[in-house]
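Student: One structure is given below, represented as C-alpha cells, and several questions about it will come after.
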Amino acid sequence: MGLDPSSCAPYGDEVSTELSQGCARGCDLCSEFNGCLRCSPKLFILLERNDIRQIGICLPSCPLGYFGLRNTDMNKCIKCKIENCESCFSRNFCTKCKEGLYLHKGRCYVTCPEGYSAANGTMECSSPAQCEMSEWGPWGPCSKKRKLCGFKKGNEDRTRRILQAPSGDVSLCPATTEVRRCTVQKSQCPEGKRKKKDEQGKQDNTNGNRNRKDTKDAKSGTKKRKSKQRGAVAPTTSASPAQ
C-alpha cells in the first residue's frame, strides 16, 4: 500500500505550519510550534521563552515587568530594561519598583538620593519634600542698604509661609523668601534735600550777618568821620603887635 507523500514531511515543518483556525481565543494566526503569531486588534502579543522556543500569547494588557507598545501592525509587550523595575512606561523609565525600593525619575533605589525624600508615605522620592506653602506675598519696595532713595539699582523681596511640613521638619521645605533686582528713578533723598536746604540757609544767614556787619561797620565809620569833622577847630592866626 502506498504512503501519502504529505505524511513523509519532516516533523518540524509540519508543526510550524501557520493556521488561521483552531487558534486560541484572541489569536488570529498561530502555529503548533510557536503558539500565536498575530493577535486580534486591541490585544497585546507576549512572547515567552520556553527552552529554545518562543511561545506567543495574546493578552488584554501587559504583565508586570513589561510595557505595552501599540502600532498599526500589532501591539506588543516589551520587557522593561530597568533593574529591579516591576512596571515601566518605556524601556528605560520605570513607574513602579519592586517591593522595598524607592522610585526616583524612572529608576529604582534602596534609599532616596541626597536632597530628596519619600513623598507622604509612598515609595516615590520627590524634591523638595511635599510641603504645603502659602501664596507669595506682594513684592516689597526697592531698596539698597536699607535705603529707599539715592540709588538706581537695588533689590526687592517677597515672602510666603510654610503651612504644613512633613514630620514638622521645615528644613525640607522650599524657600520662603525670594529676592530679585529692581530699578528705581534715581533721586535725592528727602533728608538730603532738607540737609542741603539747611546748609544753604545757614550759609545765607552767615552771608547776611556778614553783610549786615559790614554795612554796620561802614555806617559806624561814616559817623566817626563826620564826628571828627564837627569837632575839628579851625586854626587861628595871632596878630603881631604893632610896632
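Cβ coordinates come from backbone N, Cα and C, glycine included.
Quick paste from TrEMBL:
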type	residues	note
COMPBIAS	211-220	compositional bias 'Basic and acidic residues'
DOMAIN	25-125	domain 'R-spondin Fu-CRD'
DOMAIN	131-186	domain 'Spondin-like TSP1'
REGION	188-243	region 'Disordered'
Student: Quick one: mean pLDDT on the domain 'R-spondin Fu-CRD' (25-125)?
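Tutor: When the pLDDT values over the domain 'R-spondin Fu-CRD' (25-125) are averaged, the result is 86.
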Student: From the DSSP assignment alone, can you count helix, strand and coil residues within the domain 'Spondin-like TSP1' (131-186)?
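Tutor: Final tally across the stretch: 6 helix, 22 strand, 28 coil.
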Student: Go ahead and report the DSSP secondary structure tallies for the domain 'R-spondin Fu-CRD' (25-125): helix first, then strand, then coil.
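Tutor: Helix, strand, coil within the domain 'R-spondin Fu-CRD' (25-125): 0 helix, 54 strand, 47 coil.
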